[in-house]
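Please read the structure below before turning to the comments.
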Amino acid sequence: MMKKKVHPIVLAILDGWGHSNSHQGNAIKIAKTPTIDSLLETYPNTLLVASGEEVGLPKGQMGNSEVGHTTIGGGRVVEQELVKIGNSIENKSFFNNVQLNCACDHAISTQTSLHLIGLCSNGGVHSHLDHLLALIHVAESKKVPNLYIHLITDGRDTNSNSAKSFIKLIADHIEKKSFVIISTISGRYYAMDRDFRWSRTKAAYTVLTSDNSDITNQPLNYNDLIDHYYNKGISDEFIPPSRINTGSIKDGDAIIFFNFRPDRMRQLVQALVQKPFNCFLTKSLSHLHVLTFTNYDSSLNTALAFPPNTLNNFLGETISKYGLKQFRVAETEKYAHVTYFFNGGAEEPFSGEDRELVSSPSVTTYDLSPDMSAELVTQKSISAINKGIYSCIVINYANADMLGHTGKLKETIRSIETVDNCIALLFDAVSQSNGTLIITADHGNAECMLTNEGTSCTSHTTNLVPFILIEGEQATISGHGGQVEFRKNGSLADVAPTILDILNLKKPPEMTGKSLIINSKYETRNLDKTFIEL
């Protein structure tokens, strides 16, 4: 006996696809997007908040992929690590943090050195300068004998040539602190790779663990180093790992990684702590005391300064509890976002959850391959739809974000048009399955690629993001077109409750978001329906 085919809800997350009415530097408006344009004209749509307090960040803080996917998947406002750590500094508990003090005590008791490694910017996506300044205060109050700072330059979540201003803040702060030295500088392209391009990680690792200088005899002024690369047309993100002073990592040293976002720090930490490590030749360093701000990867077994909160009953877990099947697909750059982050930090799939990882192109920067792997992601998605077994399919298209980060407008426009073509194919497949297609984004980026001064902008934005609901004629919500209306002032936290509403599944109490669908006078759903209970 043939099983009845499932009419899926397909959630397509267009990473970095924000909304702006401005035309200048707006790759999304400039691009030819007939599919998205038609869907916006034909189907119910609204705009959602994807930044600031509505997604668990400080007021005015731009959103990012981790936060966006966590909020979408959680159906609630989750206090993000940026806020949690900032609050601990404000209420002084940071300075009494047991693990931070233990790292300092290790360096003191063994008369070794303490190393601080992390991204040096105020971008607030992976780290924050305030956290580094607070760490220096802890080390000073504990009288750590030697403190070496290894700075990773940004240029991706900040202006592309802003590193000197951030490093100056640190340099000025430690000017009269003789025990503190800025030891190395490395662009995030090398130190924060997350796509298993181990040659990049090796370059950062080698400088951290070697006393050799790549530029000239040490010590070297950070301004001279950065100007050296600026004059070669190399921006902050791509500064090669360089030593400007003494302070390599040696046996018995303590190390604190102060990035709070895990995905781009895993590889470097892995190279330092994993035994055996087979991705490149490493030094035989022993008795290291390694502390990470957050849980980068449970297999690394490092101490944690800020352990994760337990997050239950995200969308994936809820769907699984009802015995329904679900599917996640993304290319390498965003795979963790539709799995780990979307599931609230759960590394293993839930029962009934299938996953597909599509490899991102092996290029140095994505302006060399603006299509990325969007077409293959679409093929895998359509295949999952056609199986007729999945109630919920979650897809990420990485193009708008990854190309937006390059600052290359022409290539970003090309990537936007590629995604639009893919959405056309996806729309056809969902329509044929009588499913429901939801299109949204996790944060803005590609809609703002020029600053007011006309220079390249590579960072995320605080702009609203689209939410489009496209229903098949026999989908669970009656309407097919303009008969569904949305609440105003929604946020990403309302996406999961909306999906559960369409699936006719009861929202768990942990989900504080609300369904975006209102029972307008045109609404033909059964207003007295009883949600399916667990």
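Every residue, even glycine, has its Cβ placed from backbone N, Cα and C.
These numbers come from a predicted model, not from an experiment.
Binding site for substrate per Swiss-Prot: R156, D157, R188, R194, R261, P262, D263, R264, K334, plus H126 from the candidate set H126, H128, H131, H289. When S65, S383, S391 are compared with the Mn(2+) 2 site residues D15, D442, H443 in Swiss-Prot, the one appearing in that site is S65. A gap of 7 Å separates the Cα atoms of H460 (Mn(2+) 1 binding site) and H443 (Mn(2+) 2 binding site). Put simply, H443 (Mn(2+) 2 binding site) is 18 Å from R264 (substrate binding site) when counted between their Cα atoms. When the alpha carbons of D157 (substrate binding site) and H405 (Mn(2+) 1 binding site) are compared, the span between them is 8 angstrom. Within 10 Å (C-alpha to C-alpha) of D401 (Mn(2+) 1 binding site) lie the following binding-site residues from D15, H126, R194, P262, H443: D15, H443.
Here the binding-site residues are H126, H443; the one with the fewest Cβ atoms within 10 Å of its Cβ is H126. Only D442, from the binding-site residues P262, H405, D442, place their Cα within 10 Å of the Cα belonging to S65 (active site, phosphoserine intermediate). Neighbour density around each Cβ, counted as other Cβ atoms within 10 Å, peaks among the binding-site residues R194, R264, H405, H460 at H460.
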